[in-house]
Amino acid sequence: MTKNNNDLSNSSSNPPSNRPVAGKEAELEIQRETHAAQSGQSESWLSRPIPTVKRNSLPQLTAVETEPSTECPQCHSMITNTALIFNAYVCPHCDHHLAMTARERLTGFLDHIEAELGQEFSASDPLKFVDSKPYPQRMEQMQTKTGETEALIVLQGKLRDMDVVACAFDFRFMGGSMGSVVGDRFVQAAEVALTNKAPLICFAASGGARMQEGVLSLMQMARTSAAIERLRLAGIPYIVVLTNPVYGGVTASLAMLGDIHIAEPKAMIGFAGKRVIEQTVRETLEEPFQRAEYLLEHGVIDQVVHRHQMNDTVYRLLAKLTHV
């Protein structure tokens, strides 16, 4: 009877197993089976497939095409190019006058275009000038970049009902610098104006004489000045519109020999730049001394006119000068 009780107690204390075990071997077997069971459970849990999350089907968004824009250098607002063209390149937020190409300026100024003058002239390279690249190569790059053959464009046409000759510098073309072709075109513009007794209007924007042509460039200052004098003697009006910027040999010649000088707001006008003058005289100069408004206050120019009023202002002045 005792033996049976011992058998029952031993059977109840032993773990369930397929084979009989006893003593320390039983404890080790229990630990191994428990560890195996836990390892098997963990592996099976990790190997379970991750359920997919149900998502609402949304339409695929594509990139929205935006119109090219330009940042205003004054107020840093972004303006679409269409809005700039419609507003004559004047910022609608701060009224800053942005740069225009010569052709855009003239086509917006004239009501009717009859002919373009000076296309037969082409630049030569008599000095075989080389800076960072040969002069002919630089000219080719500028022509490709701007779509123009030179820094001055001359158009003959009408402003309202008045026959005029108008020319404009393109600052993109080597800084609007004046070389022999620019001089040739301006002289031809003056001669056509003289022949047709039509007023001459010049929109100036230049860094000065073109260094790549040396003394030939400087000679254009004398040629253009002589052509303007012939207009004056014949009583033909010559109006200069000073845009931003006008410097150097252009300021010292054709840009300051007009019967009337008009400037756009905040245009920079001078012979040498502020830094060069300060280094020469060794003095700190007043900041706005080359601004159009400062020059107007000191009697250097006659008017500062907003770009939107430029056409009407020039026409009224010409009507008075020609007694129309």
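Placement of Cβ uses the backbone N, Cα and C atoms for every residue, glycine included.
Pulled from Swiss-Prot:
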type	residues	note
BINDING	Cys72, Cys75, Cys91, Cys94	Zn(2+) binding site
COMPBIAS	1-16	compositional bias 'Low complexity'
COMPBIAS	22-35	compositional bias 'Basic and acidic residues'
COMPBIAS	36-45	compositional bias 'Polar residues'
REGION	1-51	region 'Disordered'
ZN_FING	72-94	zinc finger
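Feature map: Swiss-Prot annotations on the structure.
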| residue | record | CB count, 10 Å |
| --- | --- | --- |
| Cys72 | Zn(2+) binding site | 18 |
| Cys75 | Zn(2+) binding site | 12 |
| Cys91 | Zn(2+) binding site | 21 |
| Cys94 | Zn(2+) binding site | 12 |
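Sorting each residue of the zinc finger (72-94) by its DSSP state yields 6 helix, 4 strand, 13 coil. The Zn(2+) site is defined by Cys72, Cys75, Cys91, Cys94, and by the 8 Å test on Cβ atoms against their centroid, the other residues of the chain that qualify are Pro73, Gln74, His76, Ser77, Ile79, Pro92, His93, Asp95, His96.
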